[in-house]
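**Q** Dumping the structure here so I can ask a few things about it.
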Amino acid sequence: MEKGYLVGGRYEILGTLGEGGMANVYLANDTLLNRKVAVKALRYDLQDDESVKRRFGREAKATSGLSNPNIVNVLDVGNDNGVQYIVIEYVDGPNLKKYIRTHFPIPYHEVVDIMKQICMAVSDAHEHGIIHRDLKPENILVDEKKDPIQVKVSDFGIALALSERSITRTNSLLGSVHYMSPEQIKGRPATVLSDVYALGIVLFELLTKHVPFTGDTAVTVALKHSKEEMPDLRKIDPDIPQPLENVVLKATAKDPDQRYQSVKEMCEDLNTCLMPERSDEPKFIPTPVNDLEETRVMEPMDTKREENTPVPKKPKMSRKKKMILMLSIIPIVLILFIIAMVIKSNQETTVPDLFNLTVKQANVMLKSSNLSAGDISKENDDDVEAGHVIKSVPAKGLKLKNGASVNLVVSLGAKYYKMPKLIGQDYDDVS
């Protein structure tokens, strides 16, 4: 839609806010009420897909029934020359992803307040039979004009009603892989507990500025969610209170039965996680989950037959033959070891974003990316606190071989100048 176009004879397009997998989002002026709104228009290439059109319409119906200060309101629904659109509340502020990048490190009490607002929104949606299924910082908007800041959950574009049962495997994998639960990765339907898992990942990101699992491909990230333990938060930041780390660990347990059984339960835990009386709380350690999908029943063994059946004796190998066999195996093992080392040395990794981390946090982050810290230089910076990383060399996002070193430029803080004594001097002399 071009600037100036009047959607539905009422909403004047002012510009583009973003493009999604299902809809494009535009900033518009409501000419009737003279206010800014956001217009989500179904993409032109999806207009002929009846299932997509039904899902887009379901979004409007699902979210229009929600009235919550932490959920982006649906204001209007319509069809403009065959193009379906939804008009939603416009939030003048960044999404949570951008907010984390510009405000990190975020004080723990603010992190908890942000998470409580998100949890209240998602809990309300669950009570109305709606699973979000795509919870991530990009779908959470921040209104910085409010004090304290207010967050609003948006984009229920792939939300499905809990009452629906005919969910396809394709639909169950639509969420962003960095926030996707292990059960969704295995192709199972999304549930309330899938949203709980995603909220745990969002909390991890608020505390560290990074998602816990990264990789060059979506498959790599998905496998890490299924198999690997969550990174130790308190190794990244030792000051994180144990009860707050426990919220992350419980929300992201591999086994859904070990997670919070509702978002409301998670919110209640957040309410008290910074209280002094919980400071001695032990670390929550989820019980390891058996990876087998099902238990196989074996046929009963015929013990009687075993007892009566003579076991044939294996011919003994001579010492000479054993020695020949060992000597023939050693070169093969050595060759395989050399090949493995060459492959490992040639593997590449990506330089992580280290901006505004402490040197200790940067070291942990580099180690987790198979890199090491190199030389550390220091310079003054008006915006970055002393002792925090200004930039890395090479810069974030560049590919390096595993084991390579990354140099850090660390802030000395703002540079101060000594003011000379000017009292009593003539203005023209000192200007």
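Heads up, the Cβ atoms here are built off N, Cα and C, so glycines get one too.
TrEMBL feature annotations, pasted as is:
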type	residues	note
BINDING	LYS40	ATP binding site
DOMAIN	11-274	domain 'Protein kinase'
DOMAIN	345-412	domain 'PASTA'
TRANSMEM	323-343	transmembrane segment
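Help me see these features in their spatial surroundings.
**A** In the three-state DSSP scheme, LYS40 (ATP binding site) is classed as strand. Counted within 10 Å of its Cβ, the other Cβ atoms near LYS40 (ATP binding site) come to 25, all protein chains included.
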**Q** Work out, from DSSP, the number of helix, strand and coil residues along the domain 'PASTA' (345-412).
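**A** Breakdown, helix to coil: 12 helix, 28 strand, 28 coil.
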**Q** Please give the average pLDDT for the domain 'Protein kinase' (11-274) in this predicted model.
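**A** 88, rounded to a whole number.
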